[in-house]
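Report on the following structure.
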Amino acid sequence: PGASLPHPSPHSSIHWFRKGLRLHDNPALLAAATDCHRLHPLFILDPSSGRAGTNAWRFLLDALRDLDRSLREMGSRLFVVQGCPEEVFPRLFHAWGTTRLTFEVDTEPSRDATVAELAERHGVKVIREVSHTLYDTERVLALNNGKAPLTYKGLQSLLASLGPPEKPAPTLTLEHLQGEHGVVDWVSHDTEYGVPTLEELGQDPTEVGPHLYPGGETAALARLNSLMDRTAWLCDFKKPETEPTSLSPSTTVLSPYLKFGCLSVRTFWWWLDEVYQGQREHSQPPVSLHGQLLWREFFYTAGAGIPNFDRMVGNPVCLQVNWDNNPQHLRAWREGQTGYPFIDAIMTQLRTEGWIHHLARHAVACFLTRGDLWISWEEGLKVFEELLLDADWSLNAGNWLWLSGSAFFHRYFHIYSPVAFGKKTDRDGAYIRKYLPVLKDFPAKYIYEPWKAPRAVQEQAGCLVGTHYPQPIVEHGAASKRNLGRMKAARAQKGNKSPRRRPPHRPPLPPTGENCLAHAPAAFYSVAKHRENRGELSRKRLFSLPRPAAAAGGKAIIPPSSATIQ
């Protein structure tokens, strides 16, 4: 008794950044810095992984440079290495005398288990911490007998038993690195471990669009700070009431920063909570910003608990559909050449800026799949994965499943009109004129349907449809009617339905957002007439979600978009 315990030997640590590209609320990074005489903050660039396009690569490189600058201020650096993690780590463990590896838990299909095994074989202790999600998804799944909750309300019930999310961990500071005695040779570091350029990664820098959303923790926190000053806007925020055709974003555009972990979701949650606590009234989940973060949690949990979540075959919650294979239609959709200006303007904004509003995502996803082109949602998922700055594996897959009517969402007869929907918030077509300048001189009467303009009007506008801008590749009315029948048949076919059974209680109305529901007047949909034929379930029983009352604005339920917090 009274004898002092031996002090543990200081560690040589590697902190492996993947997401979590930040110093604030990064418990795995703090663990790496504890009792550490040599810290190597590491990012491994694996060019073979993912489908990210040039805009997304630029955002990532911005974030890495920003992280390196922040570490420099504390006398450290970010080490960037290219290659496959399974090949990189053994070499670095040996070269750096590593005794400890830390990283943030990744809920997506990843190499975590393989890398952990590899580290243990080399005598390296592994520490994993949860900080990319509000809750530990493994714990949530365990509470639900190992299964992902398939409704928002179901997730809310599980989370209620866990209490509020954990508070953010302290930000890494110079004090945390006081015991770190490693010396960085900055000249050789830039040569061997510096952040590469787009050209060095084989990307064409001429393909990037305007630099509207610089990547990195500094930009993320600046954006969040600016947002927190808008108290009334935050408290009044309801995702369904934002506009897809706004020429500047009508939502937060924090989704890319959350996707890459430049911004901690727990920090965002608790900063919001402070604002809410100081106000008498504020919006509530699912349409509030807290509600959007819970939708993010919903799809992360689903992605972690459902096999083959990003594909149709082998996915137990996904409707099996015989989609068409039409490369010409897919290319026209991807390149913004469908002949429907609203759809093409959205896809042009996506391709150039890397971001689109959640309702815009709804419109183009419905058009590609169950609405007009009857092309698999997996093809749309690939395009979004390439072009979106905030393309997040779980959220992207979950929302494409939803928007295509393949899972979660069952009001499949609500089909977006590629003409009428955009007019709701932009009757003059300013959004179309911005992103499709070839149509900018069309009168408002024809801006959404230029093929209907008399030839003299087309000539006066300097754009002949069929020559300077394409004719519509399908006729929306006929295509949507045909596809509605195909969707009904797919859902009715025995053995071809999603195995998910409707719960006995009424599901909640999912909110809007990059992974939330949106609401819009039914007049802006092409809603096919639903008939109750002999032998069919009634509409009420089949869909269980009743149409909102006229007193609530006559709003209809529409599916979520493809990101989360926008």
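Including glycine, each Cβ sits where the backbone N, Cα and C put it.
For 251-255, 292-299, 390-392, the entry in TrEMBL reads FAD binding site. According to TrEMBL, the feature domain 'Photolyase/cryptochrome alpha/beta' maps to 11-134. Sequence annotations record features per position, and here TrEMBL assigns region 'Disordered' to 480-515. According to TrEMBL, the feature site 'Electron transfer via tryptophanyl radical' maps to TRP323, TRP377, TRP400.
Taking the features listed in TrEMBL, we show where each one sits on the structure.
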residue: VAL253; record: FAD binding site; contacts (Cβ under 8 Å, 6+ apart): TYR213, ARG223, TRP355, GLN566
residue: GLU297; record: FAD binding site; contacts (Cβ under 8 Å, 6+ apart): THR133, LEU134, TYR135, LEU155, LEU159
residue: TRP377; record: site 'Electron transfer via tryptophanyl radical'; contacts (Cβ under 8 Å, 6+ apart): MET312, TRP323, ALA365, LEU368, THR369, TRP400, LEU401, LEU403, SER404, SER406
Exercise for the section: Work through the binding-site residues one by one (THR251, SER255) and point out the residue whose CB has the fewest other CB atoms within 10 angstroms. Expected result: THR251
Fill in the blank from the handout: Least surrounded, by Cβ count within 10 Å, of the recorded positions TRP295, TRP323, TRP400 is TRP323
Practice task
Could you give me the DSSP helix, strand and coil counts for the domain 'Photolyase/cryptochrome alpha/beta' (11-134)?
Solution key: 48 helix, 31 strand, 45 coil
